[in-house]
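According to TrEMBL, the protein has these features:
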| type | residues | note |
| --- | --- | --- |
| BINDING | 242, 243, 244, 245, 246, 247, 248, 249 | ATP binding site |
| DOMAIN | 234-428 | domain 'AAA+ ATPase' |
(Lines of atoms letter the chains of each structure in order from A and count residues from 1; the text may use other names and numbers.)
(Lines give C-alpha, C1' and ligand atoms only; values in the text may rest on other atoms or scores of the structure.)
Protein backbone atom coordinates (compact mmCIF):
# COMPACT_ATOMS: atom_id res chain seq x y z
CA UNK A 1 0.00 0.00 0.00
CA UNK A 2 1.43 3.36 -1.08
CA UNK A 3 1.79 5.98 1.62
CA UNK A 4 -0.57 8.96 1.29
CA UNK A 5 1.25 12.31 1.07
CA UNK A 6 -0.45 15.61 1.77
CA UNK A 7 0.41 19.06 3.06
CA UNK A 8 -0.60 21.16 6.05
CA UNK A 9 -3.22 23.87 5.47
CA UNK A 10 -4.19 24.78 9.06
CA UNK A 11 -2.73 24.45 12.55
CA UNK A 12 -4.74 24.97 15.75
CA UNK A 13 -2.83 23.83 18.82
CA UNK A 14 -2.60 20.02 18.74
CA UNK A 15 -4.99 19.89 15.74
CA UNK A 16 -3.53 19.96 12.23
CA UNK A 17 -5.57 19.96 9.00
CA UNK A 18 -3.91 18.54 5.88
CA UNK A 19 -5.15 18.42 2.28
CA UNK A 20 -4.30 15.99 -0.50
CA UNK A 21 -5.01 13.06 1.84
CA UNK A 22 -7.34 11.06 -0.43
CA UNK A 23 -6.96 7.37 0.39
CA UNK A 24 -6.10 7.96 4.06
CA UNK A 25 -7.95 5.92 6.68
CA UNK A 26 -9.62 6.91 9.95
CA UNK A 27 -7.25 6.50 12.93
CA UNK A 28 -4.28 6.04 10.57
CA UNK A 29 -0.97 7.08 12.08
CA UNK A 30 0.81 9.84 10.16
CA UNK A 31 4.06 11.79 10.33
CA UNK A 32 3.49 15.54 10.40
CA UNK A 33 5.92 18.21 9.20
CA UNK A 34 9.65 18.18 8.49
CA UNK A 35 10.30 16.89 12.04
CA UNK A 36 8.00 13.88 11.44
CA UNK A 37 5.81 14.44 14.50
CA UNK A 38 3.52 11.52 15.39
CA UNK A 39 -0.17 12.14 14.70
CA UNK A 40 -3.43 10.27 14.22
CA UNK A 41 -6.26 11.02 11.79
CA UNK A 42 -9.50 11.57 13.72
CA UNK A 43 -11.73 12.96 10.94
CA UNK A 44 -11.79 12.92 7.12
CA UNK A 45 -13.73 15.39 4.95
CA UNK A 46 -13.19 15.05 1.22
CA UNK A 47 -9.43 15.08 0.68
CA UNK A 48 -8.83 16.86 4.00
CA UNK A 49 -7.68 14.96 7.07
CA UNK A 50 -8.01 16.32 10.61
CA UNK A 51 -5.04 15.09 12.63
CA UNK A 52 -4.44 15.20 16.38
CA UNK A 53 -0.70 15.50 16.91
CA UNK A 54 0.87 13.78 19.91
CA UNK A 55 3.82 16.20 20.12
CA UNK A 56 4.16 19.97 20.39
CA UNK A 57 3.11 21.67 17.14
CA UNK A 58 4.97 24.94 17.80
CA UNK A 59 7.06 25.87 14.77
CA UNK A 60 4.95 23.92 12.26
CA UNK A 61 3.80 25.93 9.25
CA UNK A 62 1.34 25.47 6.37
CA UNK A 63 2.82 23.69 3.37
CA UNK A 64 4.89 21.20 5.37
CA UNK A 65 4.35 17.56 4.37
CA UNK A 66 2.10 14.99 6.05
CA UNK A 67 2.96 11.36 5.30
CA UNK A 68 0.63 8.44 6.06
CA UNK A 69 1.98 5.15 7.38
CA UNK A 70 -0.85 2.95 6.10
CA UNK A 71 -1.32 1.54 9.62
CA UNK A 72 -3.23 2.60 12.73
CA UNK A 73 -1.49 3.80 15.89
CA UNK A 74 -0.09 0.55 17.29
CA UNK A 75 2.08 -0.68 20.15
CA UNK A 76 4.95 -3.15 20.16
CA UNK A 77 4.26 -6.09 22.44
CA UNK A 78 7.01 -8.45 23.53
CA UNK A 79 9.70 -9.13 26.13
CA UNK A 80 11.25 -5.97 27.57
CA UNK A 81 8.08 -4.05 28.43
CA UNK A 82 8.30 -4.60 32.19
CA UNK A 83 10.44 -2.21 34.20
CA UNK A 84 10.32 0.42 31.44
CA UNK A 85 8.91 3.95 31.50
CA UNK A 86 7.23 5.16 28.31
CA UNK A 87 5.63 8.37 27.15
CA UNK A 88 2.04 8.46 25.84
CA UNK A 89 2.91 6.95 22.44
CA UNK A 90 5.19 4.18 23.79
CA UNK A 91 8.55 5.87 23.32
CA UNK A 92 11.02 4.70 26.02
CA UNK A 93 11.97 7.83 27.96
CA UNK A 94 15.35 6.58 29.33
CA UNK A 95 16.58 5.78 25.80
CA UNK A 96 15.33 9.13 24.48
CA UNK A 97 17.19 10.90 27.32
CA UNK A 98 20.41 9.09 26.32
CA UNK A 99 19.99 10.00 22.63
CA UNK A 100 19.31 13.65 23.41
CA UNK A 101 22.30 13.73 25.80
CA UNK A 102 24.58 12.45 23.01
CA UNK A 103 23.75 15.60 21.00
CA UNK A 104 23.52 18.09 23.89
CA UNK A 105 24.00 16.87 27.50
CA UNK A 106 22.26 20.01 28.83
CA UNK A 107 18.97 18.99 27.16
CA UNK A 108 18.78 15.40 28.40
CA UNK A 109 15.68 16.18 30.50
CA UNK A 110 13.70 17.25 27.40
CA UNK A 111 11.93 15.01 24.87
CA UNK A 112 13.00 16.39 21.49
CA UNK A 113 10.22 16.70 18.90
CA UNK A 114 10.11 13.98 16.27
CA UNK A 115 12.65 11.79 18.05
CA UNK A 116 12.05 8.07 17.56
CA UNK A 117 13.25 5.09 19.59
CA UNK A 118 12.16 1.43 19.42
CA UNK A 119 9.80 0.63 22.33
CA UNK A 120 11.45 -2.76 22.94
CA UNK A 121 15.23 -3.17 23.37
CA UNK A 122 16.86 -4.40 20.14
CA UNK A 123 20.28 -5.02 21.71
CA UNK A 124 19.07 -7.25 24.55
CA UNK A 125 18.99 -11.05 24.22
CA UNK A 126 16.24 -13.11 25.85
CA UNK A 127 16.53 -16.82 26.63
CA UNK A 128 13.79 -18.56 24.62
CA UNK A 129 12.55 -21.99 25.70
CA UNK A 130 10.20 -23.55 23.10
CA UNK A 131 6.97 -25.38 23.89
CA UNK A 132 6.85 -29.13 23.05
CA UNK A 133 5.50 -28.57 19.53
CA UNK A 134 6.60 -30.39 16.39
CA UNK A 135 6.61 -29.62 12.68
CA UNK A 136 3.16 -30.00 11.13
CA UNK A 137 1.20 -29.18 14.31
CA UNK A 138 -1.81 -26.93 13.82
CA UNK A 139 -1.42 -23.57 15.57
CA UNK A 140 -3.67 -20.53 15.85
CA UNK A 141 -3.79 -17.12 17.49
CA UNK A 142 -2.96 -17.23 21.19
CA UNK A 143 -1.11 -20.57 21.11
CA UNK A 144 2.06 -20.52 23.21
CA UNK A 145 5.22 -21.09 21.14
CA UNK A 146 7.70 -20.69 23.97
CA UNK A 147 8.58 -18.90 27.17
CA UNK A 148 11.08 -16.19 28.08
CA UNK A 149 12.10 -15.17 31.64
CA UNK A 150 11.42 -11.44 31.18
CA UNK A 151 12.12 -10.43 34.80
CA UNK A 152 12.65 -12.22 38.11
CA UNK A 153 8.84 -12.20 38.55
CA UNK A 154 7.32 -12.73 35.11
CA UNK A 155 7.77 -15.52 32.59
CA UNK A 156 6.83 -14.04 29.23
CA UNK A 157 4.74 -16.29 26.98
CA UNK A 158 5.60 -15.85 23.28
CA UNK A 159 2.29 -16.37 21.46
CA UNK A 160 1.02 -16.71 17.90
CA UNK A 161 -0.50 -13.29 17.07
CA UNK A 162 -4.34 -13.23 16.89
CA UNK A 163 -5.68 -13.85 13.40
CA UNK A 164 -2.91 -16.24 12.30
CA UNK A 165 -3.82 -19.91 11.80
CA UNK A 166 -1.96 -22.67 9.99
CA UNK A 167 0.59 -25.47 10.30
CA UNK A 168 3.84 -25.03 12.18
CA UNK A 169 6.68 -25.32 9.67
CA UNK A 170 9.61 -24.45 11.95
CA UNK A 171 10.16 -23.55 15.63
CA UNK A 172 13.41 -22.13 17.00
CA UNK A 173 15.42 -24.27 19.39
CA UNK A 174 16.23 -23.17 22.94
CA UNK A 175 18.67 -20.28 22.98
CA UNK A 176 19.19 -16.52 23.23
CA UNK A 177 17.34 -14.30 20.74
CA UNK A 178 16.41 -10.64 20.46
CA UNK A 179 12.89 -9.39 19.77
CA UNK A 180 13.55 -9.01 16.01
CA UNK A 181 14.60 -12.64 15.51
CA UNK A 182 12.18 -15.06 13.85
CA UNK A 183 11.30 -17.81 16.32
CA UNK A 184 8.68 -19.69 14.25
CA UNK A 185 7.38 -20.09 10.70
CA UNK A 186 3.70 -20.94 10.13
CA UNK A 187 2.37 -22.09 6.75
CA UNK A 188 -0.90 -20.28 6.09
CA UNK A 189 -2.86 -20.76 2.84
CA UNK A 190 0.29 -21.89 1.05
CA UNK A 191 2.35 -18.92 2.27
CA UNK A 192 4.96 -18.83 5.00
CA UNK A 193 4.32 -16.39 7.86
CA UNK A 194 7.34 -15.52 10.00
CA UNK A 195 6.58 -15.00 13.69
CA UNK A 196 8.99 -12.88 15.69
CA UNK A 197 9.35 -12.62 19.43
CA UNK A 198 7.33 -9.37 19.37
CA UNK A 199 4.07 -8.39 17.70
CA UNK A 200 2.22 -5.15 16.96
CA UNK A 201 -1.39 -4.40 17.85
CA UNK A 202 -3.64 -1.35 17.14
CA UNK A 203 -4.35 0.43 20.42
CA UNK A 204 -8.02 1.21 19.73
CA UNK A 205 -8.99 -2.41 18.97
CA UNK A 206 -9.54 -4.71 21.99
CA UNK A 207 -7.51 -7.93 21.84
CA UNK A 208 -9.75 -10.99 21.26
CA UNK A 209 -10.43 -13.75 23.79
CA UNK A 210 -12.44 -17.00 23.98
CA UNK A 211 -14.91 -16.23 26.73
CA UNK A 212 -15.61 -13.65 29.42
CA UNK A 213 -15.74 -15.07 32.96
CA UNK A 214 -17.51 -13.92 36.11
CA UNK A 215 -15.13 -11.93 38.36
CA UNK A 216 -15.30 -14.11 41.51
CA UNK A 217 -11.80 -13.72 42.96
CA UNK A 218 -10.99 -10.65 45.07
CA UNK A 219 -8.03 -8.47 44.14
CA UNK A 220 -6.37 -8.23 47.55
CA UNK A 221 -4.91 -4.74 47.97
CA UNK A 222 -3.89 -4.74 51.64
CA UNK A 223 -6.08 -1.65 52.21
CA UNK A 224 -8.59 -2.67 54.89
CA UNK A 225 -11.53 -0.45 53.93
CA UNK A 226 -11.22 -1.66 50.33
CA UNK A 227 -10.73 -5.40 50.88
CA UNK A 228 -13.26 -5.78 53.69
CA UNK A 229 -15.99 -3.23 52.99
CA UNK A 230 -15.73 -2.34 49.27
CA UNK A 231 -13.78 -5.20 47.64
CA UNK A 232 -12.44 -5.15 44.10
CA UNK A 233 -12.60 -8.36 42.04
CA UNK A 234 -9.94 -9.49 39.58
CA UNK A 235 -11.22 -8.25 36.24
CA UNK A 236 -13.32 -5.55 37.87
CA UNK A 237 -13.68 -1.83 37.24
CA UNK A 238 -13.41 0.91 39.83
CA UNK A 239 -13.13 4.66 40.21
CA UNK A 240 -11.48 6.81 42.87
CA UNK A 241 -13.13 10.25 42.68
CA UNK A 242 -12.08 12.98 45.04
CA UNK A 243 -11.36 16.68 45.30
CA UNK A 244 -7.95 18.29 45.68
CA UNK A 245 -5.87 16.89 48.55
CA UNK A 246 -8.12 13.92 49.36
CA UNK A 247 -5.43 11.34 48.63
CA UNK A 248 -6.25 9.99 45.16
CA UNK A 249 -2.63 9.57 44.12
CA UNK A 250 -1.49 7.99 47.40
CA UNK A 251 -4.43 5.55 47.21
CA UNK A 252 -3.48 4.60 43.65
CA UNK A 253 0.19 4.27 44.63
CA UNK A 254 -0.86 1.90 47.42
CA UNK A 255 -2.88 -0.18 44.96
CA UNK A 256 0.02 -0.32 42.50
CA UNK A 257 2.50 -1.25 45.25
CA UNK A 258 0.62 -3.82 47.29
CA UNK A 259 -2.04 -5.38 45.04
CA UNK A 260 -2.02 -9.10 44.39
CA UNK A 261 -1.86 -8.47 40.62
CA UNK A 262 1.05 -10.12 38.79
CA UNK A 263 1.53 -7.14 36.43
CA UNK A 264 0.81 -3.45 37.10
CA UNK A 265 0.40 -0.78 34.40
CA UNK A 266 0.60 2.72 35.93
CA UNK A 267 -0.56 5.55 33.64
CA UNK A 268 0.22 9.08 34.79
CA UNK A 269 -2.29 10.83 32.55
CA UNK A 270 -2.19 14.62 32.77
CA UNK A 271 -1.24 14.80 36.45
CA UNK A 272 1.80 16.53 37.94
CA UNK A 273 5.25 15.35 36.92
CA UNK A 274 6.53 15.14 40.49
CA UNK A 275 4.00 12.36 41.16
CA UNK A 276 5.55 10.21 38.42
CA UNK A 277 8.99 11.12 39.80
CA UNK A 278 7.87 9.85 43.20
CA UNK A 279 6.81 6.54 41.63
CA UNK A 280 10.17 6.25 39.87
CA UNK A 281 12.04 6.94 43.11
CA UNK A 282 9.95 4.72 45.38
CA UNK A 283 9.09 1.66 43.30
CA UNK A 284 12.67 0.43 42.69
CA UNK A 285 13.25 0.51 46.48
CA UNK A 286 10.11 -1.46 47.39
CA UNK A 287 9.71 -5.21 47.37
CA UNK A 288 6.63 -7.01 46.08
CA UNK A 289 4.87 -8.23 49.28
CA UNK A 290 3.79 -11.44 47.58
CA UNK A 291 7.22 -12.53 46.29
CA UNK A 292 9.86 -10.31 47.92
CA UNK A 293 11.21 -9.24 44.49
CA UNK A 294 11.62 -5.59 43.30
CA UNK A 295 8.31 -3.93 42.39
CA UNK A 296 9.64 -2.57 39.09
CA UNK A 297 10.02 -6.17 37.85
CA UNK A 298 6.24 -6.33 37.45
CA UNK A 299 5.49 -2.70 36.51
CA UNK A 300 5.15 -0.70 33.28
CA UNK A 301 5.03 3.08 33.75
CA UNK A 302 3.43 5.37 31.16
CA UNK A 303 4.22 9.02 31.87
CA UNK A 304 2.07 11.60 30.18
CA UNK A 305 2.21 14.42 32.67
CA UNK A 306 0.48 17.80 32.61
CA UNK A 307 3.39 19.52 30.83
CA UNK A 308 3.34 17.01 27.94
CA UNK A 309 1.16 17.43 24.81
CA UNK A 310 -2.56 17.33 25.61
CA UNK A 311 -3.56 15.02 22.74
CA UNK A 312 -1.18 12.26 23.88
CA UNK A 313 -3.26 11.78 27.04
CA UNK A 314 -5.80 9.84 24.99
CA UNK A 315 -3.06 7.75 23.39
CA UNK A 316 -1.53 6.91 26.79
CA UNK A 317 -4.83 5.45 28.05
CA UNK A 318 -5.18 3.20 24.98
CA UNK A 319 -1.49 2.20 24.98
CA UNK A 320 -1.78 1.18 28.64
CA UNK A 321 -4.93 -0.92 28.25
CA UNK A 322 -3.48 -2.70 25.17
CA UNK A 323 -0.31 -3.68 27.08
CA UNK A 324 -2.56 -4.87 29.94
CA UNK A 325 -4.60 -7.06 27.56
CA UNK A 326 -1.38 -8.58 26.17
CA UNK A 327 -0.27 -9.80 29.62
CA UNK A 328 -3.85 -10.90 30.35
CA UNK A 329 -3.65 -13.16 27.28
CA UNK A 330 -0.62 -14.87 28.83
CA UNK A 331 -2.77 -15.83 31.82
CA UNK A 332 -1.70 -13.09 34.25
CA UNK A 333 -3.85 -10.91 36.51
CA UNK A 334 -3.12 -7.31 35.49
CA UNK A 335 -3.97 -4.11 37.36
CA UNK A 336 -4.20 -0.93 35.28
CA UNK A 337 -4.18 2.34 37.23
CA UNK A 338 -5.03 5.58 35.39
CA UNK A 339 -4.33 8.86 37.17
CA UNK A 340 -6.47 10.63 36.10
CA UNK A 341 -9.28 9.98 33.61
CA UNK A 342 -10.54 13.55 34.16
CA UNK A 343 -7.41 14.93 32.46
CA UNK A 344 -8.06 12.63 29.50
CA UNK A 345 -11.65 13.93 29.33
CA UNK A 346 -10.31 17.50 29.40
CA UNK A 347 -8.04 16.63 26.46
CA UNK A 348 -11.08 15.29 24.56
CA UNK A 349 -12.86 18.58 25.33
CA UNK A 350 -9.96 20.64 23.97
CA UNK A 351 -9.65 18.59 20.77
CA UNK A 352 -13.45 18.67 20.24
CA UNK A 353 -13.40 22.45 20.65
CA UNK A 354 -10.70 22.83 18.01
CA UNK A 355 -12.68 20.53 15.69
CA UNK A 356 -15.61 22.95 16.21
CA UNK A 357 -17.89 20.14 17.38
CA UNK A 358 -21.15 20.89 19.19
CA UNK A 359 -20.36 20.81 22.94
CA UNK A 360 -22.50 18.93 25.44
CA UNK A 361 -22.62 19.34 29.22
CA UNK A 362 -19.87 21.64 30.61
CA UNK A 363 -18.24 21.83 27.17
CA UNK A 364 -17.35 18.12 26.99
CA UNK A 365 -18.05 16.37 23.66
CA UNK A 366 -21.29 14.40 23.34
CA UNK A 367 -19.31 11.16 22.85
CA UNK A 368 -17.55 11.42 26.25
CA UNK A 369 -19.72 8.64 27.72
CA UNK A 370 -19.02 6.23 24.84
CA UNK A 371 -15.25 6.85 25.07
CA UNK A 372 -15.30 6.13 28.81
CA UNK A 373 -17.38 3.00 28.15
CA UNK A 374 -14.90 1.78 25.49
CA UNK A 375 -12.09 2.09 28.02
CA UNK A 376 -13.75 0.47 31.05
CA UNK A 377 -15.34 -2.33 28.99
CA UNK A 378 -11.88 -3.60 28.05
CA UNK A 379 -11.48 -4.73 31.67
CA UNK A 380 -12.60 -8.22 32.66
CA UNK A 381 -11.59 -11.75 33.56
CA UNK A 382 -11.37 -13.90 30.44
CA UNK A 383 -10.46 -17.31 29.09
CA UNK A 384 -7.60 -16.50 26.72
CA UNK A 385 -7.26 -17.64 23.10
CA UNK A 386 -5.06 -20.60 22.23
CA UNK A 387 -3.49 -23.42 24.16
CA UNK A 388 -2.57 -24.35 26.80
CA UNK A 389 -5.86 -23.22 28.33
CA UNK A 390 -5.41 -20.24 30.63
CA UNK A 391 -7.40 -17.40 32.13
CA UNK A 392 -6.26 -13.88 32.92
CA UNK A 393 -7.77 -10.60 33.99
CA UNK A 394 -7.46 -6.85 33.54
CA UNK A 395 -8.62 -4.80 36.52
CA UNK A 396 -9.05 -1.09 35.75
CA UNK A 397 -9.02 1.60 38.44
CA UNK A 398 -9.29 5.21 37.30
CA UNK A 399 -8.89 8.33 39.39
CA UNK A 400 -11.44 11.06 38.74
CA UNK A 401 -10.67 14.67 39.68
CA UNK A 402 -14.00 16.53 39.81
CA UNK A 403 -13.55 20.31 40.11
CA UNK A 404 -14.34 21.34 43.67
CA UNK A 405 -15.11 17.73 44.60
CA UNK A 406 -18.48 17.93 42.79
CA UNK A 407 -19.49 14.32 42.03
CA UNK A 408 -22.39 15.45 39.81
CA UNK A 409 -20.06 16.78 37.08
CA UNK A 410 -20.08 14.88 33.73
CA UNK A 411 -16.89 12.78 34.02
CA UNK A 412 -17.82 11.39 37.46
CA UNK A 413 -21.50 10.86 36.62
CA UNK A 414 -20.70 9.06 33.33
CA UNK A 415 -17.95 6.99 34.96
CA UNK A 416 -20.37 5.64 37.59
CA UNK A 417 -22.42 4.07 34.78
CA UNK A 418 -19.56 1.81 33.71
CA UNK A 419 -17.81 0.88 36.95
CA UNK A 420 -18.87 -1.51 39.71
CA UNK A 421 -16.71 -0.23 42.57
CA UNK A 422 -16.88 3.40 43.71
CA UNK A 423 -14.38 4.57 46.33
CA UNK A 424 -15.55 8.11 47.10
CA UNK A 425 -12.82 10.23 48.70
CA UNK A 426 -14.22 12.74 51.16
CA UNK A 427 -12.68 16.18 51.70
CA UNK A 428 -13.99 16.33 55.30
CA UNK A 429 -12.33 13.01 56.17
CA UNK A 430 -9.07 14.12 54.53
CA UNK A 431 -9.03 17.43 56.41
CA UNK A 432 -9.66 15.56 59.69
CA UNK A 433 -6.56 13.44 58.92
CA UNK A 434 -8.58 10.25 58.33
CA UNK A 435 -6.74 8.36 55.57
CA UNK A 436 -7.56 6.66 53.30
CA UNK A 437 -10.36 9.23 53.08
CA UNK A 438 -12.85 6.76 51.54
CA UNK A 439 -16.35 7.72 52.68
CA UNK A 440 -18.10 4.50 53.79
CA UNK A 441 -21.55 6.06 53.30
CA UNK A 442 -21.01 7.19 49.68
CA UNK A 443 -18.86 4.29 48.44
CA UNK A 444 -20.13 0.95 47.14
CA UNK A 445 -18.97 -2.33 45.60
CA UNK A 446 -21.06 -4.64 43.42
CA UNK A 447 -18.56 -7.47 43.97
CA UNK A 448 -19.29 -8.19 47.66
CA UNK A 449 -21.61 -11.13 46.89
CA UNK A 450 -19.23 -12.52 44.25
CA UNK A 451 -16.11 -12.56 46.46
CA UNK A 452 -17.82 -13.75 49.67
CA UNK A 453 -17.20 -17.43 48.84
CA UNK A 454 -13.44 -16.81 48.47
CA UNK A 455 -13.30 -15.16 51.91
CA UNK A 456 -15.29 -18.03 53.46
CA UNK A 457 -13.04 -20.67 51.86
CA UNK A 458 -9.69 -18.97 52.48
CA UNK A 459 -10.11 -16.81 55.60
CA UNK A 460 -13.18 -17.52 57.77
CA UNK A 461 -16.79 -18.59 57.21
CA UNK A 462 -18.01 -15.74 59.43
CA UNK A 463 -16.39 -12.98 57.30
CA UNK A 464 -19.63 -11.77 55.69
CA UNK A 465 -21.47 -11.84 59.03
CA UNK A 466 -18.84 -9.66 60.75
CA UNK A 467 -18.44 -7.37 57.74
CA UNK A 468 -22.19 -6.68 57.45
CA UNK A 469 -22.52 -6.15 61.21
CA UNK A 470 -19.67 -3.59 61.20
CA UNK A 471 -21.21 -1.82 58.19
CA UNK A 472 -24.57 -1.62 59.99
CA UNK A 473 -22.85 -0.04 63.00
CA UNK A 474 -21.23 2.63 60.78
CA UNK A 475 -24.59 3.39 59.11
CA UNK A 476 -26.36 3.54 62.49
CA UNK A 477 -23.64 5.85 63.83
CA UNK A 478 -24.24 8.35 61.02
CA UNK A 479 -27.96 8.44 61.95
CA UNK A 480 -27.17 8.87 65.65
CA UNK A 481 -24.79 11.76 64.92
CA UNK A 482 -27.80 13.84 63.82
CA UNK A 483 -29.44 13.26 67.22
CA UNK A 484 -26.18 13.92 69.10
CA UNK A 485 -25.80 17.28 67.32
CA UNK A 486 -29.27 18.27 68.53
CA UNK A 487 -29.49 16.91 72.10
CA UNK A 488 -26.03 15.50 72.92
CA UNK A 489 -25.11 11.94 73.93
CA UNK A 490 -27.15 12.16 77.15
CA UNK A 491 -30.34 11.77 75.13
CA UNK A 492 -29.26 8.33 73.86
CA UNK A 493 -29.89 4.97 75.49
CA UNK A 494 -26.91 2.81 76.51
CA UNK A 495 -27.04 0.58 73.41
CA UNK A 496 -26.83 3.60 71.11
CA UNK A 497 -23.95 5.01 73.17
CA UNK A 498 -22.16 1.69 72.66
CA UNK A 499 -22.80 1.89 68.91
CA UNK A 500 -21.07 5.31 68.88
CA UNK A 501 -18.07 3.93 70.81
CA UNK A 502 -17.76 0.84 68.58
CA UNK A 503 -18.04 2.97 65.43
CA UNK A 504 -15.19 5.13 66.77
CA UNK A 505 -13.19 1.96 67.42
CA UNK A 506 -13.86 0.69 63.87
CA UNK A 507 -12.77 4.04 62.40
CA UNK A 508 -9.63 4.45 64.52
CA UNK A 509 -8.61 0.80 64.83
CA UNK A 510 -9.62 -0.54 61.41
CA UNK A 511 -10.51 2.00 58.72
CA UNK A 512 -7.62 4.42 59.27
CA UNK A 513 -4.44 3.16 57.64
CA UNK A 514 -1.00 4.71 57.23
CA UNK A 515 0.27 4.12 53.67
CA UNK A 516 3.83 5.02 54.77
CA UNK A 517 4.05 2.80 57.87
CA UNK A 518 6.08 -0.41 57.25
CA UNK A 519 3.60 -2.56 59.23
CA UNK A 520 0.30 -0.75 58.60
CA UNK A 521 0.72 -0.10 54.85
CA UNK A 522 -0.31 -3.65 53.93
CA UNK A 523 -2.69 -5.92 55.88
CA UNK A 524 -3.22 -9.54 54.83
CA UNK A 525 -6.83 -10.82 54.60
CA UNK A 526 -6.20 -12.86 57.77
CA UNK A 527 -5.03 -9.79 59.71
CA UNK A 528 -7.98 -7.76 58.45
CA UNK A 529 -10.44 -10.40 59.65
CA UNK A 530 -8.75 -10.81 63.06
CA UNK A 531 -8.82 -7.04 63.68
CA UNK A 532 -12.49 -6.79 62.69
CA UNK A 533 -13.41 -9.89 64.72
CA UNK A 534 -11.67 -8.48 67.80
CA UNK A 535 -13.65 -5.22 67.62
CA UNK A 536 -16.98 -6.92 66.87
CA UNK A 537 -16.61 -9.58 69.59
CA UNK A 538 -15.96 -6.81 72.14
CA UNK A 539 -19.07 -4.99 70.84
CA UNK A 540 -21.22 -8.12 71.14
CA UNK A 541 -20.03 -8.78 74.69
CA UNK A 542 -20.65 -5.13 75.59
CA UNK A 543 -24.27 -5.34 74.37
CA UNK A 544 -24.77 -8.44 76.55
CA UNK A 545 -23.52 -6.48 79.58
CA UNK A 546 -25.77 -3.51 78.77
CA UNK A 547 -28.76 -5.89 78.76
CA UNK A 548 -27.78 -6.74 82.37
CA UNK A 549 -27.68 -3.11 83.45
CA UNK A 550 -23.99 -2.22 82.91
CA UNK A 551 -23.39 1.28 81.45
CA UNK A 552 -21.20 2.18 78.46
CA UNK A 553 -19.01 4.28 80.75
CA UNK A 554 -18.34 1.26 83.00
CA UNK A 555 -17.42 -0.84 79.95
CA UNK A 556 -14.90 1.77 78.76
CA UNK A 557 -13.41 2.01 82.27
CA UNK A 558 -13.09 -1.80 82.43
CA UNK A 559 -11.22 -1.84 79.11
CA UNK A 560 -8.91 0.96 80.31
CA UNK A 561 -5.49 0.81 78.60
CA UNK A 562 -6.68 -2.12 76.48
CA UNK A 563 -8.68 0.38 74.38
CA UNK A 564 -5.39 1.93 73.19
CA UNK A 565 -3.92 -1.53 72.51
CA UNK A 566 -6.96 -2.38 70.35
CA UNK A 567 -6.54 0.83 68.29
CA UNK A 568 -2.76 0.39 67.97
CA UNK A 569 -2.88 -3.31 67.00
CA UNK A 570 -3.02 -2.43 63.29
CA UNK A 571 0.49 -0.88 63.29
CA UNK A 572 2.15 -2.69 66.20
CA UNK A 573 1.35 -6.29 65.20
CA UNK A 574 2.95 -7.55 61.94
CA UNK A 575 1.11 -9.82 59.49
CA UNK A 576 3.01 -12.90 60.72
CA UNK A 577 2.18 -12.47 64.45
CA UNK A 578 -1.62 -12.52 64.37
CA UNK A 579 -1.90 -14.54 67.59
CA UNK A 580 -1.09 -11.26 69.40
CA UNK A 581 -4.40 -9.80 68.12
CA UNK A 582 -6.22 -12.78 69.64
CA UNK A 583 -4.35 -12.19 72.92
CA UNK A 584 -5.59 -8.56 73.07
CA UNK A 585 -9.12 -9.74 72.25
CA UNK A 586 -9.02 -12.41 74.98
CA UNK A 587 -7.72 -9.90 77.55
CA UNK A 588 -10.49 -7.45 76.64
CA UNK A 589 -13.21 -10.11 76.88
CA UNK A 590 -11.78 -11.27 80.21
CA UNK A 591 -11.91 -7.70 81.55
CA UNK A 592 -15.57 -7.47 80.50
CA UNK A 593 -16.38 -10.84 82.08
CA UNK A 594 -14.82 -9.65 85.35
CA UNK A 595 -17.04 -6.57 85.15
CA UNK A 596 -20.06 -8.86 84.72
CA UNK A 597 -19.13 -11.13 87.65
CA UNK A 598 -18.06 -8.21 89.83
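The backbone N, Cα and C atoms fix where each Cβ goes, glycine too.
Remember, TrEMBL labels are computer predictions, not curated facts.
Excluding 242, 243, 244, 245, 246, 247, 248, 249 themselves, the residues of that chain whose CB lies within 8 A of the CB mean position for the ATP site are, in sequence, 401, 425, 427, 430, 437. In sequence order, 405, 425, 426, 427, 429, 430, 437 constitute the residues six or more apart from residue 246 (ATP binding site) in its chain with CB-CB distances below 8 Å.
Using a 10 Å Cβ-Cβ cutoff, residue 243 (ATP binding site) registers 18 neighbours. For the binding-site residues given as 242, 245, 247, the lowest number of other CB atoms within 10 Å of the residue's CB is seen at 245.
For residue 248 (ATP binding site), the same-chain residues that are 6 or more apart in sequence and have a Cβ closer than 8 Å to its Cβ are 240, 241, 242, 339, 340, 399, 401, 425. DSSP assigns residue 247 (ATP binding site) to coil in the three-state reduction, placing it in neither a helix nor a strand.
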